[in-house]
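K.L.:
Before I ask anything, here is the structure I am working with.
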Amino acid sequence: METHKSLLFFTNYVLFLVFTLSFLPIPGLLASRLNPFEPGILMPTEEAEPVQVDDDDQLGTRWAVLVAGSMGFGNYRHQADVCHAYQLLRKGGLKEENIIVFMYDDIAKNELNPRPGVIINHPQGEDVYAGVPKDYTGEHVTAKNLYAVLLGDKSAVQGGSGKVVDSKPNDRIFLYYSDHGGPGVLGMPNLPYLYAMDFIEVLKKKHAAGGYKKMVIYVEACESGSIFEGIMPKDVDIYVTTASNAQESSWGTYCPGMEPSPPPEFTTCLGDLYSVAWMEDSESHNLKKETVKQQYSSVKARTSNYNTYAAGSHVMQYGNQSIKADKLYLFQGFDPASVNFPPNNAHLNAPMEVVNQRDAELHFMWQLYKRSENGSEKKKEILQQIKDAIKHRSHLDSSMQLIGDLLFGPKKASAILKSVREPGSPLVDDWGCLKSMVRVFETCCGSLTQYGMKHMRTFANICNAGVSHTSMEEACNAACSGHDAGQWHPTNQGYSA
């Protein structure tokens with residue numbers, strides 16, 4: 001009897017304690033799950049915490065435009081980046097009808113692809129190609145079509161699915177581009193290039209038409225900061241980050257022979273440093289909690305190789321800085337599986353080995369050469385391709401220097417050609433002049449190619465120095481007289497402007 005009374009008293013006492021403690025403001029006590037596991041892992045009896053729904057989440061449509069501006073298996077990484085971005089956005093709830101994809105689509109089924117029909121963007125990554133819509137592929141991946149799509153102008157689109165950003169004043173737009181670039185230009189697999197001022201004018205026109213509420217733009221390319229430096233307005237409700245500043249390269253990563261390395265059967269880089277940084281950040285955080293600013297900071301640290309800038313670049317930002325306070329889900333969507341992920345936590349400070357964007361093509365060709373059978377015709381052909389590519393690079397470099405000597409004299413040429421304007425200044429005063437000088441050069445000396453895009457600042461400086469069209473023609477003819485451009489003649493490659 002006494003034992004029964006004691007047990008009853010003890011039980012009532014425990015219940016009293018539990019009832020009392022549940023009302024005390026003791027941090028972490030009973031109010032928390034006391035989950036000993038990592039964030040994002042729940043016990044079977046637990047339910048995910050409800051996510052607050054913002055008013056903004058009920059208004060407007062999220063749009064995305066994804067652009068891979070290259071072609072060829074050596075540029076595998078650009079299409080891998082874009083396919084990965086598509087999968088991320090779809091998991092975030094963006095509808096296929098609101099995501100428009102530009103990619104040449106010559107990678108997945110390429111004879112050099114060791115995994116036919118599959119594209120990966122990480123050494124241990126899953127296929128990111130499956131389900132990606134073929135909106136604008138092959139010859140339809142052009143700057144002109146991109147402009148028409150952004151403006152929602154169906155009548156101006158040539159080929160492709162015909163999808164355009166038919167957005168309304170309360171909609172949000174996310175634009176992501178990955179490819180080669182140069183001062184003032186972004187590459188396209190079908191020439192001409194995208195020129196900065198043309199692109200900015202399209203953005204201004206979209207804003208003037210009330211075509212969106214806010215826009216976020218991410219750009220992966222060499223010298224990508226030059227696309228916006230000095231010409232990006234702050235009053236058009238657009239926030240931009242770029243993989244590099246106006247003067248430096250961006251970087252390929254997950255490359256053969258480097259760490260982290262792709263699976264051994266791959267001969268090409270799987271991704272780009274800035275691109276994998278933002279996507280892997282988005283996949284590991286709750287985008288209802290993480291802000292645009294937090295992602296910018298994380299990506300900036302990782303792309304700089306953790307502030308060493310040893311084979312890293314300076315991630316830059318332009319446009320309306322107030323957008324940085326917005327939560328990322330407003331542009332990239334929200335994956336319910338990430339509900340208990342942290343809002344942001346830095347990756348381990350593990351520098352990644354990378355290759356300069358402009359050298360990635362040679363790195364790829366060298367991998368093919370090393371893996372070819374000794375003495376085979378294939379090995380000889382690849383070696384000749386490498387020699388031809390290096391020879392054309394050398395020709396471009398020496399021709400530009402000689403043209404400078406002819407225009408300004410040997411003593412002044414280098415200083416003028418390599419001149420860099422003050423931060424905040426546009427690359428060139430007359431963008432029409434820039435295009436004209438590029439066409440004159442390519443007519444005489446051959447196509448710039450992905451490598452030669454680096455000389456765009458030289459052309460800009462020639463324009464800024466007041467050189468006439470006639471003087472440029474005379475200098476180019478003298479510098480490249482007798483040169484046979486062969487496969488790199490603009491009649492084969494097209495003009496870059």
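Placement of Cβ uses the backbone N, Cα and C atoms for every residue, glycine included.
When I checked Swiss-Prot for this same protein, it listed these features:
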SIGNAL    1-31  signal peptide
ACT_SITE  His180  active site
ACT_SITE  Cys222  active site, nucleophile
DISULFID  Cys255-Cys269  disulfide bond
CARBOHYD  Asn320  N-linked glycosylation site
CARBOHYD  Asn374  N-linked glycosylation site
DISULFID  Cys433-Cys463  disulfide bond
DISULFID  Cys445-Cys480  disulfide bond
K.L.:
Compute the C-alpha separation of Cys480 (disulfide bond) from Asn320 (N-linked glycosylation site), stating it in Å without decimals.
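P.N.:
About 45 Å separates the two Cα atoms.
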K.L.:
Take the Cβ of Asn320 (N-linked glycosylation site) and count every other Cβ within 10 Å, whichever protein chain it belongs to.
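P.N.:
Result for Asn320 (N-linked glycosylation site): 18 neighbouring Cβ atoms inside 10 Å.
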K.L.:
Listed recorded positions are Cys222, Cys255, Cys269, Cys433, Cys445, Cys463; which of them have CA atoms within 10 A of the CA of the residue listed as 'active site'?
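P.N.:
Neighbours among recorded positions, in sequence order: Cys222.
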K.L.:
Using DSSP and three states only, what is Asn374 (N-linked glycosylation site)?
P.N.:
coil
K.L.:
If you skip the near sequence neighbours and keep only those at least six away, which residues in the chain come within under 8 angstroms of Cys269 (disulfide bond), Cβ to Cβ?
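P.N.:
Same-chain residues close to Cys269 (disulfide bond) (Cβ under 8 Å, separated by 6 or more) are Tyr76, Arg77, Gly252, Thr253, Tyr254, Cys255, Pro256, Pro262, Val355, Ala360, His363, Phe364.
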K.L.:
Out of Cys222, Cys433, Cys463, which has the highest number of nearby Cβ atoms, where nearby means within 10 Å of its Cβ, if these are the recorded positions?
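P.N.:
Result of the Cβ crowding comparison: Cys222.
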K.L.:
On a C-alpha basis, identify the one among Cys222, Asn320, Asn374 that is nearest to Cys463 (disulfide bond); the candidates are the recorded positions.
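P.N.:
Nearest candidate: Cys222.
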K.L.:
At a 10 A cut-off on CB-CB distances, which of the disulfide-bonded residues Cys445, Cys480 has the highest count?
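P.N.:
Of the disulfide-bonded residues Cys445, Cys480, the highest Cβ count within 10 Å belongs to Cys445.
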K.L.:
Would you please pick out, from the recorded positions His180, Cys255, Asn374, the one with the fewest other Cβ atoms within 10 Å of its Cβ?
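P.N.:
Least crowded of the recorded positions His180, Cys255, Asn374, by Cβ count within 10 Å, is Asn374.
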K.L.:
In whole Å, note down how far the CA of Asn374 (N-linked glycosylation site) lies from the CA of Cys445 (disulfide bond).
P.N.:
35
K.L.:
Between Cys433 (disulfide bond) and Cys222 (active site, nucleophile), what is the CA-CA distance rounded to a whole number of Å?
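P.N.:
Rounded to a whole number, the Cα-Cα distance is 22 Å.
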K.L.:
How big is the Cα-to-Cα gap, in Å, between Cys222 (active site, nucleophile) and Asn374 (N-linked glycosylation site)?
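P.N.:
It is 35 Å, counting Cα to Cα.
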